[in-house]
Amino acid sequence: MATGWMWMLVPWRGGWTPRSKERGREEDRHVRANDREFNEKFSYADNRIKTSKYNIFTFLPINLFEQFQRVANAYFLVLLILQLIPEISSLSWFTTIVPLVLVLAITAIKDATDDFFRHKSDQQVNTRQSQVLIRGKLENEKWMNVRVGDIIKLENNQFVAADLLLLSSSEPYGLCYIETAELDGETNLKVRQALTVTSDLGADIGRLAEFDGEVICEPPNNKLDRFIGTLYWRDNKYPLDNEKMLLRGCVLRNTEWCFGLVIFAGLQTKLMQNCGRTTFKRTSIDKLMNTLVLWIFAFLICMGIILAVGNTIWEVKVGRNFWAYLLWDELLSNAVLSGFLTFWSYIIILNTVVPISLYVSVEVLRLGHSYFINWDRRMYYSKKDTPAEARTTTLNEELGQVEFIFSDKTGTLTQNIMVFNKCSINGNTYGDVYDEFGHKVDVTEKTPCVDFSFNPLRDQKFRFHDSSLVEAIKLEEPLVQEFFRLLALCHTVMPEERSEGELLYQAQSPDEGALVTAARNFGYVFRARTPETITLYEMGQPVTYQLLAILDFNNVRKRMSVVVRNPKGQIKLYSKGADTIIFDRLDPSNEELMYTTSEHLNEFAGEGLRTLALACKDLDEDMFKEWMKKLLSASSILENREEHLGALYEEIEQGMMLLGATAIEDKLQEGVPETIACLTLANIKIWVLTGDKLETAMNIGYSCNMLRDDMNKVFIISGHTMLEVQQELRKAKSHILGISSEKCSNGESGKAQLYNSDSVFEETIIAEYALVINGHSLAHALEADLEKLLLDIACLCKTVICCRVTPLQKAQVVDLVKRHKRAVTLAIGDGANDVSMIKTAHIGVGISGQEGMQAVLASDYSFAQFRFLQRLLLVHGRWSYHRMCNFLCYFFYKNFAFTLVHFWFGFFCGFSAQTVYDQWFITLFNIVYTSLPVLAMGIFDQDVNEQYSLRYPNLYKPGQTNLLFNKRKFFICTLQGICTSSLLFFIPYGAFLSSVRDDGSNISDQQAFAVTIATSLVIVVSVQIGLDTNYWTAVNHFFIWGSLAMYFAIMFAMTSDGLFSIFPNQFPFIGTARNSLSQKSVWLVILLTTVVCIMPMVVYRFLRTDLRPTLSDKVRLMQQATRRQGPQEQNLKRVRRTSSRRSAYAFAHQQGYGELITSGKNMRVANSAQSVPSLDMKENGSGCTESAQKKNGSTDETIGTAVADSDEKTSGIAHSLKTKPAD
C-alpha cells in the first residue's frame, strides 16, 4: 500500500521502478503462459510507460521543492519572512513577495508545459492497440493493459509491445524478421527463430490458449544482446537465448504474423532499462551563482554584524543620552537588543546586493535567446519544413561552454543513403564527367544524368552521370557484362516483387543493396531467388543460374563468393571483398591490371568512397565435384567446423581473375566534414558513439576527416576479457607517453613532470592519435578499475570512436567524462537508442530524422541537420554565454554600487538602519530605472557578428575555461561596485559639508542628499552600461535614454504637489527634487561623481585594448575596418578526404545469410525462373546521356550535399528477406 502511494507521488526518473521486497530480490523470473493469477503473485511491472515527472497532486510540492533547491529562491523566502516582522523591517513585504512569486510562477508554468507534452507522449504509447489472447480468443487491448505471461499476436510492420518469447510465425520453421533501429540504430533486418516445439502451434488459437509452458529466466536487465532462460513444457526443458526474443521497440518486418509470450513488460523491458535517468539540468553558471549567493550572504552577514556592533557601541556611548527624550519601552532600552534588531534590519535593507529581479531578468534573457534560436532561418531545413527548436530555456549559455560532443553516427552524421558512385572495370574508370575539352568537371545538381529508359525494370531513383558505361554495356563488352553479372549474383539480397516490374530489395546492409541496384539499372536485374537458383534479367532476357554454393562473409574472410552454373553448363566462381584480400588470391597474369586497379582504388579512397574488389574464376567440373565432397564432409564436423570450412573456401578462392572495383559513397549529411573541422578548431572534442560495426564506423571517421592517414597511430581496442582490454589500453598509453617522452628528451616539450598532470599534459601532445573501441571491450573498460585509464587515453587522442555500443553504454561514456572532467558535454542523436546519452549529457540535441521523434522529445534542442550544430554553438551559444556573463558582471556591479551606499551611511546615522534613498526609489531602481537597459544588452549584445564568429572558431575558447564570468570576475565586479558606492556617498557628502544654496541657506538636508546620490547613481550605471555595450541597436538607445528620462519623470512626479495632495502619507517630500536639482552646485557634484566613477574604467579598458587586446578585441577591430564592404559569408573550402585507406565494407559486417538461403528455410515457394516473361530492353535504348531528371541534392556544391548516411539505420530496409514468386 505504501509502495503504491509512493509510486503516485515520486516522479519517474528513467530506469527506476519501485519494487516490493520480494521483487527487489528477484534472481530468477518465473512466467507461466496464459496464467495471470500465477504471474500476479510476483508483482511484475505492467506494460504502462511513465516518462513524465509530475501529476496533478504532486506538481506543486515537487516543483516548489525543485525550485527552492536554487539557493537564491530559498534566500528570498527567508528575507520575505523577516520582512513580515515589524520590529526589524524597514521595507514593505511586497518589495520581495511580488518578484518571488513571479519567478516561481513563470518557472512552474514552463515546467508544467514540458511535462504536459511528456504526458501526451506517454498516453499515445500506452493506448496503442495490441491483440492479446484472453480466455481463448484474441481481444484488442491497450498496451498498458498487457501483462507478463500474456500471449500477443503481432502483424507485419507493427511495433513489438513488450519483450516477447517468439512462439510461432507465418514463416517456415518459425522464422521472423525484425528491424532493431530503435534499439541499436541498425535497419538491416535480423532473423529470429522460434523453438520447433512451439512453432508447431502455428496460428491455432485453441492450441495457443492451451499452451501452459513455464519460462524461468534471468531478471530484468539492460543487456540487449543477451538472454538466458529455459522453457519447461510437457516434462521437457528447452534452452532459450536472445535469438528467440523479440524486444520492445523492434518492428516486425516481412512477416505476416507471429505470436509471442510476454516475458518483460513496461519499465522492465530492455529498451526502458536502457533509457537512463531524467535529471534536472542546470548550467554551470547556475551552480556558480548558487556559490556566489552563499558568499554574498556571508558578506551580508559580515556587514550586518559590523553595523550591529556599531549600533550597540553607539547606543552605549551616544544613544543613551537621548533615551530620556524617546518614548521607548524598557525592553528596547537595551543596547545589545538594539544591536540584535539592527542586525536583522540591515540584513533586510542590504539584501538588494542579490535582488530577486536578477533571477527574473535571467529567465527573460534565456527566453529571448531561445526565441533567437527558434527564429534563425539559417537553421531552418526547408526540405522537411523543420525549424530549429529550443525545447528548454535554461541551458542557452551552456551552449557557449561545450568541450565534448558525443555524436551518434547513422542519421546524425549520415543520411542512410548508399550511392553507387564510380567503378573500375578492366583498367578503365567510370563515373567521372568531362567537358568538351576533356577536362574533369564536378558533378552538380545540373549535371545531366544517364538515360536508363532502355530498361523498364530500372530503379527510378538511381542516378549516374557517366554515359560511357551504358555505351559499354550496349556494345556487349564481355568484361563489363561479367562485372555487372557478378554484382547481380554475388550477394544475399532477397527480392520482393509487389507488382509486375516493381522490385524491392531487402539487404543485410545498404551497401549490398546499392550494388545490386546498380547492376539492375545497367541491365542485369536480380529478379528472383530459390534455394537452388538465381534468376536474372540480362538486358531484358531471363537467365537462370543454378546456385551451387555460397561462401559466406565473415570478419576474418572479409570477402564473399558464390559458385553458380550458367545456362551453358559452365561453373563460375564470383567473389567480392577487400582489395588486399582479393589481390592476394589473383592469378599472376593479373599483375598489371592489379596495379592499375590499385591506383583507381587509391583515387576512390581519397574521395572517401567505400571500395570493393571484384574477381571471378572458371571451375573445372571434376575439381568442383571433389571440392563439394570435402565441403559436405566439413559441414558435418562438430568441432572446429568454421576452421575447416574456412580452409576449403581458401582452397577454391585461388587463381581468380580480376574484373575491377566498385566505389560506393556513404553519404554524409550536408556540411558534416566542415562542421567537424570548425568545431575542432574551437577546441571541441568530438566522440562518435555508434551501434554500427567497427569498420563501417571507421570508414565514416575517414570520410569526416576525423581519422586521417597522417595520424601517428589509430589504436583499436578489441579485447574480449578485462585483462586483454587492460593490456591494450596500457600499451596505447605507453606508446603515446613513450613518443612524447622522446620529444621531451629532445627539448620539444619541456619538463617531464607534465606527465603527472593529464590536463596539462594533453596540451603538450603534438602527435595526433585516434582511439577506436568496440562494445564488448568498452564494457570492460567502463569498469571501475579501468575507466580512469580509458578516459586518460581518450583525452590524449584527437579522435575517439566507440562502435557496437548499447544505448546504456553511450550514457555511461558521457557520464564518465562528466564525472572526471570539469567540462560541459553535449550529446546529439536522432533515434531512440540515443535517448539515454541525450538525457545524461549536460545538453541534449535531437536530430529530427527518419527514426521518429524519440530523440527530439528527450532533447533540449532540436533541428534537422548536423551542420546546424556549428551555428548553434559558435553563434547562438557563444553569444548567449557572452551576453549572460556581461549581464551578470554588470548586474552585480550595479547592485553593489546601489546597496552599499546604505553601509557607508550607517556610520553617519547612528547605525539606525535608516535608508539613504526613499522607499519608492529602492522599489523602482531594479524594476524600472535600470531593468530595461541591462535586458537590452543581455538580449542583443554581440562582441563580433555571426560571420566572424564562424570564421574565427577560437573565439569560442573563453567559454570553455569560464574566462568571462568566474569567481575572480565576480570579485572584480564586487570591488568595482564597492568603490563606486563609496564614491557615490563620500563625494556628495564632502561637497555638501560646506556648500550652500544660491540664497545662502544650508543645502545638506537628508532628502536633497538622497536625491543627489540617487541621480548620480542612475547616471553612473547608465554610462557604465553604455561602455559595456558592444553592439548598439535602436532598442539599446531607447532603453538607456528612456530609463534616464523615466527616472526624472517619476522622481519629479513623486515630489509634486499633485501626488502630495492625493496621497500625503505616501509622498510627503514635496518639492525635494525641484529644489535640489535647481541648484548648479548639485549638478556639479553629480557631474564630478559621474566622472570620478567612470574615468578609471575608461582608462583601464583603453589601455587593455591597446596593450593586451584579446582575440575578440582584434576581431572586432577587423570587423569595424571591413564594415563598409558589407557582411561576408564564411567560405570554407570543401573538405575532401585525402586518405589512401581503402575499405571493403559494401556488405554486412556480420555472418551473412548464406546458410539460411541455401537451406531454403526462408523460402515459401521455389518457383522456376522460366515462369518469368522476357523483356526486350534493346528496343528502348536511345540517348544515353539525355535525361530530364535531376538529382535531389547537389553532389558537389558543398560536401554536405555530396555526403550522407551510412548503413546503421537505413529506412529502405523496411520489409522482408523472403523471396516471393516471380510473375
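Glycine is treated like the rest: Cβ placed from N, Cα and C.
Annotation comment: TrEMBL describes 31-97 as domain 'P-type ATPase N-terminal'. The transmembrane segment feature in TrEMBL is assigned to 91-109, 292-314, 334-360, 887-908, 920-940, 970-989, 1009-1027, 1039-1062, 1082-1103. The active site, 4-aspartylphosphate intermediate annotation in TrEMBL covers D408. If you look up TrEMBL, you'll see D408, T410, D830, D834 marked as Mg(2+) binding site. Per TrEMBL, the feature region 'Disordered' maps to 1171-1223. Residues annotated as compositional bias 'Polar residues' in TrEMBL: 1182-1198.
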Integer Cα-Cα distance in angstrom, D830 (Mg(2+) binding site) to the residue listed as 'active site, 4-aspartylphosphate intermediate': 8
For the transmembrane segment (334-360), sequence-distant contacts whose Cβ falls under 8 Å of one of its Cβ atoms, 6 or more beyond its ends: 70, 72-73, 75-76, 79, 82-83, 85, 87-91, 96, 99-100, 102-103, 106, 293, 296-297, 299-301, 303-305, 307-309, 311-312, 315-316, 319-320, 891-892, 895-896, 898-900, 902-903, 906, 911-913, 915, 922, 925-927, 931
For the transmembrane segment (920-940), distant same-chain residues with Cβ under 8 A (at least six beyond the ends): 91-92, 95, 99, 352, 355, 357, 361, 364-365, 368-369, 883-884, 886-887, 890-891, 894-895, 898, 1010, 1014, 1017-1018, 1021-1022, 1025, 1028-1029, 1031, 1033, 1035-1036, 1039-1040, 1042-1043, 1046-1047, 1050-1051, 1054, 1067
Composition by DSSP (helix, strand, coil) of residues within the domain 'P-type ATPase N-terminal' (31-97): 33 helix, 2 strand, 32 coil
D834 (Mg(2+) binding site) and D408 (active site, 4-aspartylphosphate intermediate), distance between Cα atoms, whole Å: 7
